[in-house]
Amino acid sequence: RGTSSNQRPKRPLTAYFRFVMDNRTAFREKNPEASNTELIKKLAGAWKELPASQKQVYEEARKTDWKRYGEQLAAYKAQLTPAQAAALKEERRKQLARRRSIRAKRELNLLGKPKRARSGFNIFLSENFQESEGNSPVAKLKKLFDTWQKMSASQKQPYLQLAQDDKVRYENEMKSWEAKMIELGREDLVRSKRQRLKNKPAETAKQTETAKAKASSSGKKAKLKKSEE
């Protein structure tokens, strides 16, 4: 109680980031039209060309701060109760998991992974969100959700059909994308067989169920005939 990871001592900046913090304003004044990305590239280039003697100044500052950080961290951990330590460890685990998830999504976007298939409701939502009543996005969403719930099956059908078509599109694009990932040596990004079966279009799943039912019925008939004999 009363303790969170925000109270934990902050890790010292690296030598490079110290250089960036010290020189960002000056570089911005010299390059007012540059975007943030262009500015960072210029700073990275300047750091790369910086003489070793000047880099050493930033490195020594990092070492001094790192020693102070170690002392502060030890003092911080010493005042925690076992319950607080366990809670903070769990909080830290969740933070790292969120960061890994963000990095993974960013990588998949760069690799051009197809967008997931949309549901019928999502398609209905995207088509009607702008015109929906409500003073806020949350209010609009609630209004559209209520409308969707009250719609008849025939009114929902066009959206459900579009969703089914989008599911077929997604499966086809995923097959091509996964084949490309295998060529690139990224088999870790390919779905398992169970996932592929789960994501198959509804028609295919229905056909599978029908085939299973027929096989089961045939098996029962064969057993019945054998018992009669």
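The backbone N, Cα and C atoms fix where each Cβ goes, glycine too.
In TrEMBL, annotation is done automatically, which means it is predicted and not curated.
Given the structure is predicted, the values throughout are model-derived calculations rather than measurements.
The following features are taken from TrEMBL:
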type	residues	note
DNA_BIND	9-77	DNA-binding region
DNA_BIND	114-178	DNA-binding region
COILED	160-187	coiled coil
COMPBIAS	202-219	compositional bias 'Low complexity'
COMPBIAS	220-229	compositional bias 'Basic residues'
DOMAIN	9-77	domain 'HMG box'
DOMAIN	114-178	domain 'HMG box'
Just to be sure I understand, if DSSP states are collapsed into helix, strand and coil, how many residues of the domain 'HMG box' (9-77) fall in each?
56 helix, 0 strand, 13 coil
Using DSSP, what is the helix/strand/coil residue split across the domain 'HMG box' (114-178)?
49 helix, 0 strand, 16 coil
